[in-house]
Every structure is written in structure tokens, then in C-alpha cells.
Amino acid sequence: MRTLLVFLLLTILVAVLIGNNQVEACTNNADCHGLGHCYRGTCFPVMG
């Protein structure tokens, strides 16, 4: 039961993050608040 609850919470979190990403399209790297790079209106996290 706990595993199902964790899975549902993670699914909701991912859906919210995807929704926010589509609503707030970036125009440059400053729109990503230093957490990533803007590419075609979407902020991608910086790895490494």
C-alpha cells in the first residue's frame, strides 16, 4: 500500500512539473533561474 502511495505522489509531482514547464515557456537562460538552459521554450536542468 505504501509503494502505491509513493508511486501516485511521484506521478502527480511529474505531471505538475510538466504542466508548469508548458505554461511558463522560457525565452533565455535567465528565465530558468540559474537551474538550467533554455532550449526552444523549455528549461532543461544542467547535468554535472
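The first residue you see is number 1, and the count goes up from there.
Even glycines carry a Cβ here, placed using N, Cα and C.
Per Swiss-Prot, the features are as follows:
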{"type": "DISULFID", "residues": "CYS26-CYS38", "note": "disulfide bond"}
{"type": "DISULFID", "residues": "CYS32-CYS43", "note": "disulfide bond"}
{"type": "MOD_RES", "residues": "MET47", "note": "methionine amide"}
{"type": "SIGNAL", "residues": "1-21", "note": "signal peptide"}
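Each of the recorded positions CYS32, CYS38, CYS43, MET47 was scored by the other Cβ atoms within 10 Å of its Cβ; the lowest score goes to MET47.
If you measure from the Cα atom of MET47 (methionine amide) to that of CYS38 (disulfide bond), you get 14 Å.
Shown in sequence order, CYS32, CYS38, GLY41, THR42, CYS43 are the residues of the chain, 6+ apart in sequence, with a C-beta less than 8 angstroms from the C-beta of CYS26 (disulfide bond). Classification of CYS43 (disulfide bond) by DSSP places it within a strand.
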